[in-house]
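Following: one structure in structure tokens, then a few remarks.
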Amino acid sequence: MNIFDRKINFDALLKFSHITPSTQQHLKKVYASFALCMFVAAAGAYVHVVTHFIQAGLLSALGSLILMIWLMATPHSHETEQKRLGLLAGFAFLTGVGLGPALEFCITVNPSILPTAFMGTAMIFTCFTLSALYARRRSYLFLGGILMSALSLLLLSSLGNVFFGSIWLFQANLYVGLVVMCGFVLFDTQLIIEKAEHGDQDYIWHCIDLFLDFITLFRKLMMILAMNEKDKKKEKK
């Protein structure tokens, strides 16, 4: 029997029998909204980097924060769905604008960093998402406390580094932060499943969690690649 003649059953690979059909439909809405956020964020980044019509700064950061709070304060219902999708799109757009300075920095170092970082982030996000979907339910929820503690330590060290100015601490924050965000992809994905199983159908807010995970992963991986590229250029000189 030739093992190469065996057919791969893709339906079996995509079958999540431990997740109820209603939750699977909920996840489809979450990831459809996530895809929308990615396109709108790309448009926001384009506006900052290419057209310079809207620049990243205090106003764009405050705008994204206000939209996020507004979205949180607006209850999920059929009547408010279109309004909340508009708020989600606005938040994603301003988040993309906020990526502008980091994108410009990477372009000055080496433009090839951007597609490399995006593809790397997409692969990491996809792998950890599938791991969370295929794993036994609630198996990664124990990470919540660990991840929040690690995030608090990263925030404190980042604030402390404002005064110390240590490049080593900055780099350590990037690498540790990358690992922590991978953990958040696992945790948030399974948390969304559990919330949906218990009746929480707010797919728009659930999308926010995954979108922020992806953006933070992308930003950290992009900066790691840019700093490594700068170090290589210094060594050549």
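Positions of Cβ are set from backbone N, Cα and C atoms, glycine also.
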Membrane_side_equal(ILE19, GLY86) from Swiss-Prot: yes
Within-chain partners of the intramembrane segment (207-227) [C-beta distance under 8 Å, separation at least 6 from its ends]: 30-31, 33-34, 37-38, 41, 68, 71, 88, 91-92, 95, 99, 102-103, 105-106, 109-110, 113-114, 116-118, 120-121, 124-125, 171, 174-175, 177-178, 181-182, 184-185, 188-189, 191-192
Stretch in 30-50, 87-107, 113-133 most in contact with the transmembrane segment (167-187), if contact is a CB pair under 8 A: 113-133
Remote residues contacting the transmembrane segment (113-133) - C-beta distance under 8 A, at least 6 residues beyond either end: 16, 19, 103, 106-107, 140, 182, 185-187, 189-190, 193, 213-214, 217-218, 221-222, 225-226, 229
